[in-house]
Amino acid sequence: MFEGHRDSSRSSEFEKESAQTRESSATAMPSNKYSAAIMEKSNNMTATAAVNGDTPPAEGLSENDSGVELTNENSPLTAAEPPSPFSPKQNGDAASPQDGNQCSRGSRKRSRKRREDEESTWDSDKSSGASQGLRQTPRPRTIFQAGLTSHAHGKPRRQSRKQEHGTSRCPGNPRAPAVGSGGVPETPRLELMEQDSKDSAQSTSTLSSSETKQEYSDNKGFGIGELVWGKIKGFSWWPGIVVTWRATGKRQASHGMRWLQWFGDGKFSEVSADKLDSLTAFPKFFSQASYTKLASYRRAVFQALEMASIRAEKTFPPCKSNSPEDQVKPMLDWANGGFLPKGEEGLKPTHSASEQGSRATLSFTVDPKQASYKVRSLCHFSYFYISCAFLPEQMVNEVLKNKRSIEEFCLSCGKTSATFHPLFEGGLCPTCKDVYLEMSYMYDDDGYQSYCTVCCGGREVLLCGNVNCCRCFCVDCLDILVDPGASDQARYLDPWRCYMCQPLLRYGVLKRRHDWSLKLQEFFANDNGQEFEKPKIYPAVPAEQRRPIRVLSLFDGIATGYLVLRDLGFKVGQYVASEVCEDSISVGVVRHEGKIKYVHDVRNITKKNIQEWGPFDLVIGGSPCNDLSIVNPARKGLYEGTGRLFFEFYRLLSEAKPKDGENRPFFWMFENVVAMAINDKRDISRFLECNPVMIDAIEVSAAHRARYFWGNLPGMNRPLCASGMDKLQLQDCLDHGRVAKFGKVRTITTRSNSIKQGKDQHFPVLMNGKEDILWCTELERIFGFPVHYTDVSNMGRGARQKLLGRSWSVPVIRHLFAPLKDYFACE
C-alpha cells in the first residue's frame with residue numbers, strides 16, 4: 001500500500017491543520033454582494049487541506065522572476081520537497097496581523113512551525129484567536145494569501161485530535177467517509193476549506209456574458225475553465241484552473257495575468273500567463289517526490305485528474321486491489337501517457353463549463369451521472385489515500401508492551417523497516433529512507449535543519465537551544481516516541497536541548513546510537529540504488545617512476561584543486577581549468593601566477609582539445625548545483641538548466657580516460673550537493689557507475705558543508721580526520737580582538753544572510769561589545785584558504801563571499817587528494 005510521509009493519525013491532522021493556517025493568513029475579502037453568496041456556499045463545505053514544507057527562494061533569482069507581485073493579496077504557497085502553492089515559506093515565521101497573542105519570547109526561540117500548522121479545529125481557533133509565533137526571526141515582510149501561514153498556535157495536539165474526530169465529516173479521516181442514507185456513498189466531493197469563504201471563498205457570483213468575453217483578451221491563451229499547471233516565484237508547479245476575477249472577490253487581473261484557483265485547497269493566486277502551462281504537460285511538471293511525501297500534493301493531483309477524466313469522458317476499469325496506490329495508478333498512467341485518446345482537446349472546457357467558470361468558482365462536485373465508477377470509487381477512498389494508515393502509536397505499543405525490538409520498525413511512519421536509522425535506535429522503511437536522504441542536509445535560513453532529525457518531516461518543530469547544534473525535532477515525534485505531552489514540556493524549557501545533545505539515555509522509545517557518527521556515514525554510503533563494480537585499484541608507482549600530475553579541472557572555481565595539490569607538495573605538470581566566471585579566473589591567475597591554463601566554456605571543449613592538452617591523470621569538477629539542490633524551489637533538475645552540465649563532465653571524463661592498452665593510473669572526482677532529489681543522485685551514479693561518499697566539512701573545519709563525492713580516488717570512504725593545521729573552531733578563524741559567539745557556523749553560501757546564525761539570526765562575532773559579521777579574511781580561514789586569497793581585482797565583500805560560497809572546502813579536498821602521493825611526483 002502507498003505509504004505517505006506520516007502515519008494516519010498525523011496525516012489526518014496534516015490536512016486538518018492547514019485549515020487554520022489559511023484562515024489566519026488569507027486576506028479578508030471585501031464585503032460586497034458576493035460575500036453573502038460565498039459565506040452561504042461555504043457553510044455547506046467541509047474543510048480539508050494540507051500544508052507542505054517550505055523552501056527558501058533560490059539564490060540569484062530576482063523577486064519578479066515569476067512575473068507576479070508578492071503583495072498582501074497575492075502570494076503562493078510553498079513546499080518542502082518541492083514547495084506547493086499551499087504552505088508557509090521557508091522562513092515561515094512571519095505572523096499575520098490576525099495573530100493577536102504571540103507566545104512568550106522564550107517559546108518563540110525554541111520552536112517554530114514547519115510544513116503544517118497546529119491542527120486545532122476551526123471553531124476553537126476562531127474563538128480563542130490565540131496564536132503563538134514559534135521560531136520568530138526578525139520580522140520579514142508580512143505576506144498573505146492562499147496558505148502563506150501566520151502559524152496560529154492551536155490547542156494541544158491530543159485535544160485537537162479529539163475535537164477533530166468530533167467534526168461532522170472529516171476528509172482526512174479514513175474512518176469517517178461521507179455516506180448517505182443506507183450506507184451509500186454520497187456524491188463524490190473534492191472538498192474545500194470552510195473558512196476559505198472569508199476571502200478567496202468559493203463564490204457563486206455571476207458575470208454577464210459581455211463582461212466574460214472581455215476578460216483575458218490579451219491573446220496569451222489560458223481562458224476561463226482551462227486546467228493548467230501554475231508557477232509563482234519561489235514555489236513549485238501546482239495544478240489549478242483558470243477562473244474569473246469575480247470569483248475571487250478581488251480586483252481584475254493585470255494585463256498578462258490570470259486568476260488561478262489551486263486544486264487541493266481552492267485558494268486563489270494571480271499568476272503570469274507566461275508561468276502557466278496546460279495540464280497535458282503532466283510528465284514535465286509532475287513531481288514524484290512531492291507526490292510520495294506530501295498529502296496536499298496528492299490531493300491536488302487527484303482533483304485535477306478527476307476533473308480531467310470527467311471532461312474527457314474517460315473511464316477506468318475496476319481495480320481488484322484494495323490498495324489506494326493501485327487504484328490511483330491508472331489515472332497517473334493516463335496522464336503521463338498524454339490523456340489519450342482525446343489528448344488536449346478532451347480537457348478543454350465545454351461552453352457550459354466556461355460559462356459556469358465565469359459565474360462561480362469550482363465547486364469540485366462530481367456529477368454521478370458523468371463520473372465513471374472508477375472516479376467515484378477514487379473519490380470515496382481518496383481521503384484515506386491522503387493519509388497513512390499505520391499508526392506509529394501502534395509501533396510504540398508493540399515496543400513498550402509486547403517487547404518487540406525498535407529496530408524492526410520505521411521511526412518515521414511505524415511500518416516494518418528495511419534499513420537502520422542513522423542517528424537513533426530503530427529503522428527506516430524504503431520510502432522514508434529516500435525522504436531522509438533528500439532532506440536530512442537541508443537547512444533553513446537560520447541555519448537549523450528544515451525538518452525533523454528523526455523523521456525528516458514535521459509540521460511544527462522544536463529547535464535545540466544548544467548554540468552549536470542545528471537540529472530540530474517535530475512535536476509528533478516527541479509526543480509519540482518520547483511521551484505524550486513531551487512537546488509541551490519542551491516548549492517552555494529555556495533552553496531546550498535536543499535528544500542529540502542530552503545524555504545518552506532512553507527517552508520513551510527514542511535512544512541515540514552511541515556510534516551515530518559512524519552510522520551516519522554508513523547510511524549514506526550504503527544508499528546503493530544500484531550496485532556497481534568496484535573501481536579499479538591501481539598499484540602504487542615506485543618513487544623513481546613517478547611523474548608530475550596532469551589535471552583537467554572542469555567548473556574550476558577559484559582553483560581549489562591546484563591550491564591543494566601544491567600544498568600537498570605535488571609537482572603539477574599541467575593544470576587545465578575550464579571556468580566562465582571572470583572573478584574566479586582573476587583569483588586563479590593572480591594567486592598562481594599564470595601557471596593555470598584557462599580554457600573556454602566546458603560545453604565548447606572538444607575531443608580534439610582533450611587530445612591536444614592531454615593525456616590527463618586526474619579529472620575533477622563539480623557542476624553548478626542551482627538546478628539540483630532541493631533548497632531551490634525553482635530547480636529544473638538534472639536534465640534541464642545548469643543541471644545538464646553534469647553530462648558535459650561525463651562526456652569529457654569519457655574522452656580523458658585511458659584508451660585500451662594504456663596502462664597508467666587515472667583518477668577522477670565529481671562533487672555536488674547532498675540535498676538533491678534522490679532520483680537525480682541515482683541517475684548521476686548510474687552514469688558514473690559508482691555510488692558517492694558523503695563528506696561534511698564540519699569534521700575538519702569550523703563550518704558545516706556536506707557534499708557528495710563520486711570518484712575512484714583511493715580511500716575516498718575512509719574516516720575524515722582533522723590535521724594539526726585545520727581550524728576546527730570559529731574562534732581559531734577570527735582576527736585579533738574578535739570573539740566568536742558560536743563554536744561552528746552554518747553552511748556558508750553565496751547569500752549574505754547565510755552568515756547569520758541561530759533562531760534569532762545573530763551575527764557570529766562580537767567586537768567591542770557589538771555583534772559583527774565575518775570578515776572576508778575570516779571566511780577564507782573557515783574554508784581553509786590563505787588569508788586574502790580572494791582579495792584581487794578590487795572585489796568587494798559580497799563578490800568575495802560568492803566566490804567562497806561556490807568553492808570547495810580545502811581540508812576536505814586535501815583529505816581526498818592525499819593518497820595520490822603514492823602515484824605522482826612530489827617536491
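Backbone N, Cα and C atoms are what each Cβ position is placed from, and that goes for glycine too.
Not measured: the values here are computed from a predicted model.
The annotation active site is assigned in TrEMBL to C625. If you draw a 10 Å sphere around the CB of C625 (active site), it holds 21 other CB atoms from the protein chains shown. Following the DSSP three-state reduction, the secondary structure of C625 (active site) is coil.
According to TrEMBL, the feature compositional bias 'Basic and acidic residues' maps to 1-20 (among others).
Residues annotated as compositional bias 'Polar residues' in TrEMBL: 21-34 (among others).
Marked as compositional bias 'Polar residues' by TrEMBL: 63-77 (among others).
Residues or ranges marked as compositional bias 'Basic and acidic residues' in TrEMBL: 188-199 (among others).
The annotation compositional bias 'Low complexity' is assigned in TrEMBL to 200-211.
If you look up TrEMBL, you'll see 224-282 marked as domain 'PWWP'. Mapped onto DSSP helix, strand and coil, the domain 'PWWP' (224-282) counts 11 helix, 24 strand, 24 coil.
If you average pLDDT over the domain 'PHD-type' (398-529) in this model, you get 86. If you look up TrEMBL, you'll see 398-529 marked as domain 'PHD-type'.
Residues or ranges marked as region 'Disordered' in TrEMBL: 1-217.
Remark: secondary structure over the domain 'PHD-type' (398-529) totals 40 helix, 22 strand, 70 coil, with classes taken from DSSP.
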